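Right, one structure below, let's go through it.
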Amino acid sequence: SFCLEPKRVGRCKGYFPRFYFDSKTGKCTPFIYGGCGGNGNNFETLHQCRAICRA
């Protein structure tokens, strides 16, 4: 599942507030996404992260 993938901020220099599921804590956590080169563990809202990863 992509919920278990590590957080990836990406290689671009954008500033997009997002959430990822932290498998160590079992919680959805905010981070800043650069805009490209990320992975599936990247959600626009806390609700979306919690719904998909069951946090």
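The backbone N, Cα and C atoms fix where each Cβ goes, and this holds for glycine too.
Here is what Swiss-Prot says about this protein:
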DISULFID  Cys3-Cys53  disulfide bond
DISULFID  Cys12-Cys36  disulfide bond
DISULFID  Cys28-Cys49  disulfide bond
DOMAIN    3-53  domain 'BPTI/Kunitz inhibitor'
Looking only at Cβ atoms, how many others are within 10 Å of the one on Cys28 (disulfide bond)? 23
Please name the residue among the disulfide-bonded residues Cys3, Cys36, Cys49, Cys53 whose C-beta has the most neighbouring C-beta atoms within 10 angstroms. Cys49
What are the helix, strand and coil residue counts for the domain 'BPTI/Kunitz inhibitor' (3-53) according to DSSP? 10 helix, 15 strand, 26 coil
Counting every protein chain present, what is the number of Cβ atoms, excluding its own, within 10 Å of the Cβ of Cys12 (disulfide bond)? 13
Can you tell me the CA-to-CA distance separating Cys49 (disulfide bond) and Cys12 (disulfide bond), as a whole number of Å? 22
Of Cys12, Cys36, Cys53, i.e. the disulfide-bonded residues, those within 10 Å of Cys28 (disulfide bond) when Cα atoms are compared: Cys53
For the C-alpha pair, I'd like the distance in angstrom between Cys3 (disulfide bond) and Cys36 (disulfide bond), rounded off. 18
Measuring Cα to Cα, how many angstrom lie between Cys53 (disulfide bond) and Cys12 (disulfide bond)? 26
